[in-house]
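Novice: Okay, so TrEMBL annotates it like this:
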- B:6-29: transmembrane segment (TRANSMEM)
- B:74-97: transmembrane segment (TRANSMEM)
- B:109-129: transmembrane segment (TRANSMEM)
- B:150-168: transmembrane segment (TRANSMEM)
- B:180-199: transmembrane segment (TRANSMEM)
- B:236-257: transmembrane segment (TRANSMEM)
- B:269-290: transmembrane segment (TRANSMEM)
- B:302-324: transmembrane segment (TRANSMEM)
Amino acid sequence: MNVLYNEYSAILTFFAVAFLISLIILILSYILNPQQSDQEKVSAYECGFNPFDDARATFDVRFYLVAILFLIFDLEVSFLFPWSLVLGQLPSFGFWSMVAFLAILTLGFIYEWKKGALEWE
Amino acid sequence: MFYNIAINIIKVLTIIVPLLIAVAYMTLAERKVMAAMQRRKGPNVVGIFGLLQPLADGLKLFSKETILPSSANIFIFLAAPVLTFLLALLAWCVLPLDEGKVFSDLNIGVLYILAVSSLGVYGIITAGWSSNSKYAFLGALRSAAQMVSYEVSIGLILINILLCAGTLNLTQIVLAQQNMWYIIPLFPIFIMFYISILAETNRAPFDLPEAEAELVAGYNVEYSAMGFALFFLGEYANMILMCSLTTIFFFGGWLPLVNMLPFYWIPPVLWFGLKTTLLLFGFIWVRAAFPRYRYDQLMRLGWKIFLPLSLGWVLLVSGILFSFDWLP
């Protein structure tokens with residue numbers, strides 16, 4: 001029975017209940033109210049104009065750059081998590097190897113800073 | 001087995017329902033406090049002191065027509081608010097309000113919170129993309145880039161806490177602060193964390209995604225009725241969550257101010273609520289007091305100041321703890 005009742009299955013219950021609640025709120029509001037849509041109401045909002053063209057046009061590449069940088073640093077954070085928990089049991093080699101890793105990462109950070117990857121205008 | 005599941009469902013409701021009431025009254029508190037700071041009265045017509053105002057607002061949103069834009073991808077368009085709301089609720093199941101008063105006492109609680117709050121970006125970016133409106137798209141891009149940038153520094157700040165506490169379990173983290181709250185040794189980190197969670201929850205002065213003067217309302221411009229309400233509820237539930245996390249990480253959770261008699265009488269859950277409310281008041285105060293940041297300033301603060309600083313603090317804290325052999 002412990003398989004069916006531990007911390008993770010409790011989270012699954014929570015997930016199911018929260019999902020149902022949010023779905024029920026949305027659907028009830030849709031069903032209970034009169035829906036009268038017309039052409040003007042359902043067109044995309046664009047300050048009183050009819051929409052000129054599709055909104056999925058090109059956008060600034062820097063958002064993409066931010067996403068890639070985030071990937072690198074977030075990986076590093078998830079690498080630091082286990083290290084920070086067992087640091088007390090590690091010999092000093094464990095500490096210094098992480099310092100070396102962070103130093104290499106900092107070098108990369110300085111490089112991207114100098115390259116102007118973090119500049120916005 | 002069914003008995004256990006039924007008990008669990010009731011437990012879930014005892015978390016979600018008070019949370020939704022808290023969110024509702026958080027909006028009232030925000031309007032009241034901001035009104036007081038601007039020497040107005042704020043809502044005071046519906047009920048005594050406007051106490052029924054949140055209910056009236058909720059009912060109004062509930063009785064509105066749901067508009068589905070013709071150019072939108074309907075399925076994703078409808079899934080986005082549900083996802084946002086769901087994720088905002090989901091993080092709450094590992095939050096301890098008192099010793100033992102926790103729905104699911106995960107021993108990887110911090111990791112779980114980090115994972116769930118990271119997923120929040122998906123709700124926003126799918127909302128912006130599926131709306132197929134220029135304002136919504138730009139707002140979602142800005143919001144996603146902002147949340148992602150500050151998540152890095154939040155992650156690095158959490159490493160400091162973990163180094164001091166030596167555990168990922170939120171209850172254990174609070175219990176590790178019995179002698180001294182972490183705000184005292186780690187005060188600069190607390191300041192960075194507080195500013196980062198302001199940016200992470202898209203609050204003023206970092207509310208660029210919603211910049212009403214240029215982007216109308218950002219990613220949720222095409223949403224109406226309950227779709228909008230779910231985003232709104234999710235956003236405020238996230239704010240309360242982030243303040244509760246700050247309480248747990250820096251203010252010793254439910255621990256009293258001083259372990260002495262008059263403070264001992266106040267129940268621990270009330271201590272938790274008091275600290276969280278104080279932090280939420282700070283959120284509102286900041287909104288009333290500060291003008292909005294520019295986007296390039298926001299990114300500069302996130303990447304060029306907070307990232308190197310928090311990385312440096314990780315090295316400093318781990319170095320001090322390691323060399324003095326103070327690690328848990």
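Including glycine, each Cβ sits where the backbone N, Cα and C put it.
Automated prediction, rather than curation, is the source of TrEMBL annotations.
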Novice: Could you name the stretch, out of B:6-29, B:74-97, B:269-290, B:302-324, with the greatest number of CB pairs under 8 A to the transmembrane segment (B:236-257)?
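Specialist: When the Cβ pairs under 8 Å are tallied, B:269-290 comes out ahead.
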Novice: Using a threshold of three or more Cβ pairs below 8 Å, and leaving out pairs closer than 6 in sequence, do the transmembrane segment (B:302-324) and the transmembrane segment (B:150-168) count as in contact?
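Specialist: They are in contact.
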Novice: Determine which recorded stretch among B:6-29, B:74-97, B:109-129, B:269-290 has the most C-beta pairs below 8 angstroms with the transmembrane segment (B:180-199).
Specialist: B:269-290
Novice: Out of B:6-29, B:74-97, B:302-324, which stretch touches the transmembrane segment (B:109-129) the most, going by CB pairs under 8 Å?
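Specialist: When the Cβ pairs under 8 Å are tallied, B:74-97 comes out ahead.
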